[in-house]
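Presented below is the structure to which this report refers.
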Amino acid sequence: MKWGALLCIFGFLAFCSVLDRGLGWIPDIWQKCSSKNEEFQQCGSSCPETCANHKNPEPKSCAAVCFVGCVCKPGFIRDDLKGSICVKPEDCSK
């Protein structure tokens, strides 16, 4: 599936969430995450902490928009250099 189509689907799901429709109608298979350190959230951060930004002392602005999908579980951050998997901060790629 193309990235544009995925973004469209997630945008629609976020819109439904804003309307307070909930995601009960989404098939369970769409709510499964591929990594053991991820979990599905209806309203995750659109600017999650990653290995690239977790040591950055400068605050960044982030839109207050829900991200619908798989996010890293608490205590884990995304490492884009390892295939975008969720790792403990001390295990980030150098």
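Cβ coordinates are placed from backbone N, Cα and C, and glycine is handled just like the others.
Taken from Swiss-Prot, the feature disulfide bond applies to CYS33-CYS70 (among others), supported by similarity to another entry. Summarising the environment of CYS70 (disulfide bond), the number of other Cβ atoms within 10 Å of its Cβ, over all protein chains shown, is 18. For the recorded site, CYS70 (disulfide bond), the DSSP three-state label reads strand.
The Cβ neighbour count for CYS43 (disulfide bond), using a 10 Å radius and every protein chain shown, is 14. As annotated by Swiss-Prot, disulfide bond applies to CYS43-CYS66 (among others).
The disulfide bond annotation in Swiss-Prot covers CYS47-CYS62 (among others). Non-local neighbourhood of CYS62 (disulfide bond): SER45, SER46, CYS47, each in the same chain, at least six residues away, with C-beta under 8 Å from its C-beta.
The disulfide bond feature in Swiss-Prot is assigned to CYS51-CYS92 (among others). Within the same chain, residues at least 6 positions away in sequence whose Cβ sits under 8 Å from that of CYS51 (disulfide bond) are ILE77, ARG78, ASP79, ASP80, LEU81, VAL87, PRO89, CYS92, SER93. Look at CYS51 (disulfide bond): DSSP puts it in coil.
Cβ contacts within 10 Å of CYS72 (disulfide bond), excluding its own Cβ and spanning all protein chains shown: 23. What Swiss-Prot records for CYS72-CYS86 (among others) is disulfide bond.
What Swiss-Prot lists as domain 'TIL' is 33-92.
If you look up Swiss-Prot, you'll see 1-24 marked as signal peptide, on the strength of sequence analysis.
In this structure, the C-alpha atom of CYS72 (disulfide bond) lies 10 angstrom from that of CYS33 (disulfide bond). Across the disulfide-bonded residues listed here (CYS33, CYS47, CYS66, CYS86, CYS92), the residue whose Cβ sits among the most other Cβ atoms within 10 Å is CYS86. Checked against CYS33 (disulfide bond) by C-alpha proximity, the disulfide-bonded residues CYS43, CYS66, CYS86 yield CYS86 as the nearest.
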